[in-house]
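Sequence annotations record features per position, and here Swiss-Prot assigns active site to GLU147. Annotation source Swiss-Prot lists Zn(2+) binding site at HIS146, HIS150, GLU210, citing sequence analysis. As annotated by Swiss-Prot, transmembrane segment applies to 24-44, 45-65, 157-177, 186-206.
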Amino acid sequence: MEEKAKMRRLSTWKLKLRMFLATVLLFGLIYAILMVVGSILGLGGPLFYALLGFGVIFLQYLISPKIVELTMNVHYVSEAEAPRLHAMVDELARRAGIPKPMVGIAEIALPNAFAFGRTKADGRVCVTRGILNLLDEEELRAVLGHEISHIKHSDMIVMTLVSAVPLICYYIFWSTVFSRDDEANLVGIAALIAYFIGQLIVLFISRTREYYADQGSVEIGGQPHKLASALYKLVLRLSPVQQGRPETGRGCQGLLPE
């Protein structure tokens with residue numbers, strides 16, 4: 001059991017590292033190319049970096065589904081391959097009043113489900129092999145309702161747009177780092193402050209959208225206890241005790257009866 005826990009932790013670590021490195025490499029390369037182009041054209045002021053931020057966000061919007069598919073090892077399944085999964089997604093999408101999303105499975109042990117895509121018409125719902133093995137059918141339906149609610153509320157677009165603000169502020173700050181102009185330095189400091197404030201706002205909005213998705217799952221699925229049960233199983237599976245580290249999972253031991 002301890003060996004399986006170690007393998008699960010290693011798989012999770014590799015997955016996160018792969019996602020991080022792919023994102024950093026891609027957008028780092030894009031940013032470097034645009035920096036060189038801007039330098040050749042004699043561009044380098046705050047306006048250029050603001051436009052650069054918009055460009056990066058737009059590019060992210062266009063290619064982010066492909067990044068998710070590659071990093072999460074997603075493959076889409078037909079109704080013949082996964083009839084029950086398709087039936088649940090179809091029913092929940094009809095109740096939510098949106099087109100049926102594409103249905104995918106990620107062949108990883110980490111229990112997870114996620115929605116992605118550019119628009120409601122381009123929505124995709126994916127579950128991992130780990131969550132399929134962990135939850136019963138009604139719990140999985142509740143989790144799928146949560147993800148479909150993200151598509152219904154256009155959360156992918158909303159988060160892309162709100163994330164643009166701190167990113168643009170960061171680019172503006174970077175454009176003033178090596179400037180000797182006092183006014184430019186003041187602009188840079190203001191942009192840096194705005195960046196940190198913007199990040200906090202983005203985190204708040206993200207958490208709020210998660211609450212809305214929970215509510216949406218109940219509205220279209222009607223089983224809040226199943227969503228709670230699914231979340232409990234997910235937390236328990238990812239807890240230190242389940243991962244073979246009981247010594248780090250004793251923080252709530254005093255709440256348990258002797």
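Just so you know, glycine gets a Cβ as well, placed from its N, Cα and C.
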Distal contacts, the transmembrane segment (186-206) - CB-CB under 8 A, six or more residues away: 46, 158-159, 162-163, 165-166, 169-170, 172-173, 175-177, 179
Any further residue of that chain within 8 Å (Cβ to the Cβ centroid of HIS146, HIS150, GLU210) of the recorded Zn(2+) site: ALA115, GLU147, SER149, ASP155, ARG209, TYR212, ALA213, ASP214, GLY216, SER217
Residues satisfying Cβ distance under 8 Å from HIS146 (Zn(2+) binding site), sequence separation of at least 6: ALA113, ALA213, ASP214, GLY216, SER217, LEU227
Which same-chain residues, if any, lie at least 6 apart from GLU147 (active site) yet have Cβ under 8 Å of it: ALA113, PHE114, ALA115, VAL125, ALA213
Neighbour-count leader, CB within 10 A, binding-site residues: HIS150, GLU210: HIS150
